[in-house]
């Protein structure tokens with residue numbers, strides 16, 4: 001497979017520049033016959049989750065295609081689902097560059113992107129043009145300049161705009177790169193948010209005559225008590241699923257490595273064990289009442305199987321995809 005050569009060239013570039021270059025090429029081919037260049041035939045392995053049928057259990061995690069620009073090209077690679085976003089009500093530039101760093105030896109990434117995106121209206125226009133036949137998740141967040149106490153308004157605005165076009169909606173309250181965002185995972189703040197989201201979901205179901213499930217994406221840095229509390233809230237408010245996990249602030253496994261001191265969320269192989277442990281504990285607390293989408297450091301068939309063994313119904317990749325390329329998709333879907 002050609003990817004090792006492509007990777008070598010891309011890794012000569014600054015990480016964000018490499019991402020932009022790759023997406024430039026994918027944008028050129030998306031929706032054209034040239035999509036055949038990235039198309040991979042993978043086996044169909046249907047999985048039912050949140051009332052939806054996924055053609056296989058592997059998805060692309062949020063954060064790679066923030067604006068839904070390359071849905072068809074990414075879909076052609078064999079993913080059963082794509083989660084686009086995180087998108088916010090209004091466009092925003094994100095944090096200052098540089099804001100994305102490779103930890104090559106650890107096969108990890110640190111990012112402090114800060115929800116850079118072109119806004120929810122732009123994303124919806126891109127979704128309307130796409131022909132992806134898998135499940136499309138849309139991950140939503142709040143604008144940086146929206147006070148945390150008004151944060152739920154941003155989620156409701158986004159829900160309203162994406163509802164008609166989403167297979168499921170992911171609520172991102174766990175990015176470490178938007179000040180105060182993670183506080184929405186705790187106690188009354190979480191309950192208030194989930195009540196508002198559930199009410200909005202019911203209203204939108206009545207308007208659109210279809211039920212779009214909602215999943216909440218959580219952090220890997222929750223202590224035992226917080227994890228129990230989150231699980232309890234998700235069950236009490238009849239949320240449809242949970243995505244575990246986002247990136248970590250923990251640097252214990254990458255001490256001494258180049259870029260390890262950069263602020264932001266760490267993903268990739270160093271997150272693998274931590275996210276699997278959260279999935280395992282969450283699975284015990286949820287007791288089969290709520291499906292888990294497992295994400296965090298999946299870079300092989302074994303890593304994907306470990307997530308499923310810990311309690312995940314579906315799995316997603318991001319950093320592993322950057323380091324291993326499209327062959328990882330085929331490998332996981334074939335052997336999972």
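The backbone N, Cα and C atoms fix where each Cβ goes, glycine too.
Annotated features in Swiss-Prot:
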ACT_SITE  175  active site, nucleophile
BINDING   62, 63, 64, 65, 66, 86, 139, 172, 217, 245, 268, 297, 318, 319  FMN binding site
BINDING   66, 111, 112, 113, 114, 115, 172, 177, 246, 247  substrate binding site
Cα distance (Å, whole number) from residue 114 (substrate binding site) to residue 64 (FMN binding site): 13
Binding-site residues compared (66, 112, 217) - highest count of Cβ atoms within 10 Å: 217
Separation of alpha carbons, residue 172 (substrate binding site) and residue 217 (FMN binding site) (Å): 5
Proximal residue to residue 268 (FMN binding site) among recorded positions 112, 114, 172, 175, 246 (C-alpha distance): 246
Residue among binding-site residues 114, 268 with least C-beta crowding, 10 angstrom cut-off: 114
Cβ-centroid neighbourhood (8 Å) of the substrate site, 66, 111, 112, 113, 114, 115, 172, 177, 246, 247 excluded: 63, 86, 94, 175, 176, 178, 264, 265
Candidate with sparsest Cβ neighbourhood (10 Å radius) among 62, 64, 139, 172, the listed binding-site residues: 64
Top Cα neighbour of residue 139 (FMN binding site) in the set of recorded positions 112, 114, 172, 175, 246: 172
Candidate recorded positions 62, 66, 175, 318, pick with smallest Cα gap to residue 114 (substrate binding site): 175
